[in-house]
Structures are given as structure tokens and as C-alpha cells.
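Asks: What Swiss-Prot shows for this protein is this:
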{"type": "BINDING", "residues": "G98, T99, N100, G101, K102, S103, T104", "note": "ATP binding site"}
Amino acid sequence: MKKAMIYGLGISGTGAKELLEKEGYKIIVVDDKKAMTSEEALNHLEGLEFFIKSPGIPYNDFVKEVQKRGIKILDEIEIAYNYMIEKGLKTKIIAITGTNGKSTTTAKISDMLNHAGYKATYAGNIGRSLSEVLLKEKDLDFISLELSSFQLENIENFKPCISMIINIGPDHIERYKSFDEYYNTKFNITKNQTEDLYFIENIDDEEIEKRAKQIKAKRISVSKFKKADIFVENDKIYHDKDDIIDVDKLSLKGIHNLENTLFMVATAEILKLDREKLKEFLMIATPLEHRTELFFNYGKLKFINDSKATNVDSTKFAIQANKNSILICGGYDKGVDLAPLAEMIKENIKEVYLIGVIADKIENELKKVGYEDNKIHKLVNIENSLQDMRKRFTKDSDEVILLSPATSSYDQFNSFEHRGKVFKELVLKIFG
């Protein structure tokens, strides 16, 4: 019997386990909290065909020992893709990565294709593994697949028909030796693409432009600011000379969503979707939860949940769309440069409530740029911050309360979804 080891029983690991067991593999599960520990697993490495590492697990001593023994390390994405090839599945993969905007783009491309009459779904770093989707959903025309840099580290055969990198900004410095290593890992999404396949290229992004020339796939350019295959001019989206839609008719608002929309339009044009169907969809598409989500009004006081903002660039977009708001910010310390965040807050934010283990560092950066002490409230967590606001604000307070943390949630929460859910529940409890 063929044998494989799975390290980490999260969404990816569970999906890979189910798929491989269906294919007759004996699976050894290693999970320091739920199954065999990594220390015990050292005695079970003989005879493995390969080793699957969950994306969130770093290259720790156990993984390095697996590497040292010459055992092939794969990700769940590679396992699932190989399964598709072996079974002769005709489903096409549209692969999406980027620092920000990838979840919205992934989900909305799937919705757009369904609206156009195809059978499509989404998978990947968006709550459902590719393996799970392949086992449960049959006869799909397309899978819109969100990929994090972690999921792209061990690509061998994976080859999407369309790939895209929405944008690249500093993130995950705790995982990679340098930002260059992080950026280059993102480009593994194009590694096996050939001239008959497509890469959608954001020519507004300097880091993408630096690396795009090495890509073999046909490049389709998008831009918010200059001429491209898909571009914005005079508040309209164009494909070459063809007017696709007025920007003010888009249901997804904000400069960040305009960028996401350009990738949707590029995908639609590559696949030759009916333009009227495309236009219809762009006028009714709804935003995802936890992404600049206005979810509650307490009289004039508005609450926006942007818990998905797990890096500085993402919070920048939220601040640009909600200037002069009161910001709740902070969380896990990812080791990134906080000076740009401090400048952004100084220029655009009325007051800031700092939470999480990174609060002191943000406060120090704010003081360096001259942000007034009386505008900084350091109250440890979301609940304390909201309780303080309840004492200060009434239904007549014409303010926007924006949760946009600029970092990960792992110091106090299980995920950004958990953080956003708790924020919404606390707002309703305290102000509802």
C-alpha cells in the first residue's frame, strides 16, 4: 500500500487526507494538537511516497529533517491538481494570488462565471480546499482558486489556464528571508504556464512589472491609471477601445475594488463572456464579509468591519475610503515596517484605538511622526475599545468607527474571520 504523511490537519490537510484515502493511500497524520506529534513522527518516515505540509506550518526542525532525508514535500494544491490530471478532469483552473484583494476577486470570478451560465465554484485559501471541491462537486467548468504564497512554495506540475497576481506588498516577513523571496514565491503561480495560457498583469504594480518579463504565458495587462488591455479612463472601464461599464455603476465601491474588478473584466474578456451578462453582474456583485463591510448604524454613528486587513497596504485602502474616521488597529506582530502606517494614520485618521501585542510598536511610530498623544487610546482589545466609545459617543455622533487592524489576528483570535465576527457581535451587544 502507498504511504504518505500529512503534517497539519487544517482545511488543506483534511482535504488531502480524504482525497488520498479515496485513492488507496495509507495516511499518517501528524498534528501536535490533534494526532501524532512531530517528535513521534520521526519514527514513521520510512517508505513515504511524499510528505504534505499544511500551508501555515513553517519550515521548522521537523520539516527540515524530512527534507534532509530526501522525502518529497508537496502542498495539497499539487496533490489535488495531480488528481485532476490523472482522472482526466476537464475543469479549468483560474488561479488568483496577491497581497490584497484575492479573496474578493476569487469569489466574484466564480459568481461571474455562474451568472454567465457556466458551472463554477471557488476553492483554496478561502475556506475550502481544492481536494474537498474535487471530491464533492462534479462536472465543474471552472474552479476559481485563491492561493497564498505558502500554498505556492512547493509547486511542481500545477498549471492554471489563467493566473493573476492582484498586487504585491510587504507581508509575511516572519516566514521569508526577504521581501524578494516572498514576491518570487508569488510568481510560482506562473511557473508551468505556457504560451497558450494567460497571465493577467497589473502594470500599476512595480514589483509585478519587474518580474513579469520572465513569464511564458500570454500577458493581458490591467491598469487603473494608464493605457492597458483593460484600463480606466474618464471614469469608464475599457477593453482596448470598447467601453465596458461606467465606474459609478459598479456595485463594488472603492479604489481597491476597482482593481479587483479590472481582473474580473480581464478574465471575462479572455473567456469571451457575453458583455451584457458581464455588465449585469458588475452592477449586482456584493462584497464579501469582513472587507470594508458597513454592517451597523447607531444613529449617525457608523461601524465598518475590515478585519480582513491583515497588512498595512490593506488598511491603507480602507483608510483612503474612510478618511477622518476613528480607527481600531493592531494585533499580532509580523515584524513589518510600521512607519508607513503611522504616516497614513497621521494624515487621515481622527483618533486611533490600539489593540494587541503590536500596540506599543504602533504607538512609538505614531509618536515619531508627531501624532498627538490625546488621539491615541491603548486599550488592549476590541471590547475595551468599544466600551470606551460607548461612554463617549451617542446616536448624534457623526463618526465612522473602522476596524482595520493592518496585521494578523493570532495574538487574540483564531483567524481574521473570528476577529471580525467578535467585533460585530460586540458592537451589537454594546450599541445595539
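Backbone N, Cα and C define each Cβ position, glycine as well.
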Asks: Run through the Cβ atoms and count how many others sit within 10 Å of the one on K102 (ATP binding site).
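Replies: The answer is 24 other Cβ atoms.
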Asks: Same-chain residues six or more away whose CB lies under 8 A from the CB of T104 (ATP binding site)?
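Replies: Listed in sequence order: L252, N257, N260, P287, L288, R291.
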Asks: Would you identify the secondary structure of T99 (ATP binding site) according to DSSP, in three states?
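Replies: Note: T99 (ATP binding site) is coil by DSSP, not helix or strand.
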Asks: Out of G98, G101, which of these binding-site residues shows the lowest number of other CB atoms within 10 Å of its CB?
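Replies: If we count Cβ atoms within 10 Å for the binding-site residues G98, G101, the smallest count is at G101.
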Asks: When a 10 Å sphere is centred on the Cβ of N100 (ATP binding site), how many other Cβ atoms does it contain?
Replies: 26
Asks: Looking only at Cβ atoms, how many others are within 10 Å of the one on T99 (ATP binding site)?
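Replies: There are 25 of them.
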Asks: With an 8 Å cut-off on Cβ distance to the G98, T99, N100, G101, K102, S103, T104 Cβ center, who else from the chain surrounds the ATP site?
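Replies: Output for this site, in sequence order: I96, T105, I166, N167, N260, S314.
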Asks: Residues with Cβ closer than 8 Å to the Cβ of S103 (ATP binding site), same chain and 6+ apart in sequence?
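Replies: Listed in sequence order: N125, I126, E146, L288, R291, K308.
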